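Colleague: Residues or ranges marked as NADP(+) binding site in TrEMBL: LEU13, GLY14, CYS15, GLY16, VAL17, VAL18, GLY19, SER20. The feature NADPH binding site is assigned by TrEMBL to LYS109. Look at TrEMBL and you will find GLU194 tagged as L-homoserine binding site. Residues or ranges marked as active site, proton donor in TrEMBL: LYS209. The domain 'ACT' feature in TrEMBL is assigned to 355-428.
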Amino acid sequence: MTNPKPGLKVALLGCGVVGSQVVRLLREQADDLAARIGAPLELAGVAVRRPGRKRDVDLDPALITTDAEALVTRDDVDIVVEVIGGIEPARSLILAAMAKGKSVVTANKALLAEDGATIHRAARENGVDLYFEASVAGAIPLLRPLRESLAGDRIRRVLGIVNGTTNYILDKMDSTGASFTEALEEAQALGYAEADPTADVEGFDAAAKAAILAGLAFHSRVTAADVHREGITEITASDVASAKAMGYVIKLLAICAKTEDGRSIGVRVHPAMIPRSHPLAGVREAYNAVFVEAESAGRLMFYGAGAGGAPTASAVLGDIVAVARNRLAGTVGPEELTYADLKVHPMGETITRYYVSLDVADKPGVLARVAEVFARHDVSIQTVRQEGRGDDAQLVLVTHQATDAALSATVQDLGRLDIVRAVASVMRVEGDDTP
Ligand SMILES: NC(=O)C1=CN([C@@H]2O[C@H](COP(=O)(O)OP(=O)(O)OC[C@H]3O[C@@H](n4cnc5c(N)ncnc54)[C@H](O)[C@@H]3O)[C@@H](O)[C@H]2O)C=CC1
Ligand SMILES: N[C@@H](CC=O)C(=O)O
Ligand code: NA
């Protein structure tokens, strides 16, 4: 095959789980990529931290460098692919590359959620591309559909499972009755969770993704600090069993929603019970799935692998092809739009439902006193289930919709009642309105 145009040179930053698969795919699919782009791609260099390390891919020693800054500013480099992760030196390297006119592809959700403003501004000012499909829900085409395919619609809500590790843990707890610790150990043994899994299990990874999704969906600036975040470390086998008994399953959800009046948005990540009939309930193991609800398109669901070297590299390669085509055409893709400038409202204003499990004294009048606390805060109860256990009983209540502030004030007051031995568990209930 002859290629009519000169090749485009790609500099790769980081050669770990994702980077090594990017190298493999660039190599294995070189002819297809050249045909699709209209010019060949050439790996100009690979910046690594430890050159001697054994990797999943063989690298020509001549391509390896530890001087990432020199690589990204080299005159012959067209596209920089950043798969190092973290804030620094990733941010400085991306900015240095853009200042030299290179387009950038990154999978770095942490950086985009913390300081996306700086990176997007640099792309705009330097007239270069910034593509980041791999940063949210790995292989799943999600950001490009939001930025491009749905550019003619109005998005109301984005709701999904965007962290594979926590979905694997919750799925194992649900299907085998395992404890959180047992399920986490399994996830680590299978390589889903990091040795330090804090970013996954405490919800930081999902919160960064929620910030990116909300920004794109609602054309507003949203950072990780704006996202209400709760992880899954407190979920017990007994919570999972109670959810099951009531026809629910517990999932870590990312929810980005515009208020009814369209004046603000809520962005939150927390575990929630969803009905077992909900499509997200069937998302098993480490898979991700995201619902997008738009005014004209209605409900759309995106499903697939949210993590892993090859799946994530697939999204990176898709971005490289798009950026390469843009460069050959002398253009750039759509830039970040924050014209709507919607503010993120506090969690207390969010409308949601609660599941509340109380250990109470098993004597007459208990239910009435508990119901009075709900009524005092104007929270209506949808269902009550009571199980006697000798002197004690367990009372399980599910509410109708109310503000999160009213619900949490209710729970606080319930804890003060002398007949309540313990507030055993509290969880939000979501998805009853989504088929
Ligand atoms: N692994 C996955 O499933 C997914 C990862 N991502 C994102 O992709 C990025 C890369 O993730 P992984 O490949 O999993 O991480 P990793 O830790 O396997 O690879 C990162 C590599 O960068 C190297 N590195 C660190 N500092 C460097 C420097 N200054 N110069 C050159 N190399 C340096 C590290 O030595 C390491 O080999 C992160 O932003 C991550 O959030 C996104 C979606 C899924
Ligand atoms: N740790 C993340 C990987 C991709 O973003 C996850 O488990 O989903
Ligand atoms: Na994606």
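Here the Cβ of each residue, glycine as well, is placed from N, Cα and C on the backbone.
Values in this document were obtained by computation on a predicted structure and should not be read as measured data.
How buried are these features, and what lies next to them?
Modeller: In the three-state DSSP scheme, LEU13 (NADP(+) binding site) falls into the strand class.
Shown in sequence order, PHE132, SER135, VAL136, ASP205, ALA208, LYS209, ILE212 are the residues of the chain, 6+ apart in sequence, with a C-beta less than 8 angstroms from the C-beta of LYS109 (NADPH binding site).
Sequence-distant contacts of GLU194 (L-homoserine binding site), defined by Cβ-Cβ distance under 8 angstroms and a gap of at least six in the same chain, are THR165, GLN188, ASP200.
LYS209 (active site, proton donor) falls within a helix when secondary structure is assigned with DSSP.
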Colleague: Among the binding-site residues listed here (GLY14, GLY16, GLY19), identify the one with the smallest other-Cβ count within 10 Å.
Modeller: GLY16
Colleague: Filtering SER20, GLU194, LYS209 (recorded positions) by proximity to ligand 1: which pass a Cβ cutoff of under 6 Å to any of its atoms?
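Modeller: Passing the 6 Å Cβ check against ligand 1: none.
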Colleague: Which of the listed binding-site residues (LEU13, CYS15, VAL17, VAL18) has the least company, meaning the fewest other Cβ atoms within 10 Å of its Cβ?
Modeller: VAL17
Colleague: Counting other CB atoms within 10 A of each CB, which of the recorded positions SER20, LYS209 comes out lowest?
Modeller: SER20
Colleague: From the centroid of the CB atoms of LEU13, GLY14, CYS15, GLY16, VAL17, VAL18, GLY19, SER20, the recorded NADP(+) site, which same-chain residues not already listed sit within 8 A by their CB, in sequence order?
Modeller: LEU12, GLN21, VAL22, VAL83, ILE84
Colleague: From the DSSP assignment alone, can you count helix, strand and coil residues within the domain 'ACT' (355-428)?
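Modeller: Per-class counts: 24 helix, 35 strand, 15 coil.
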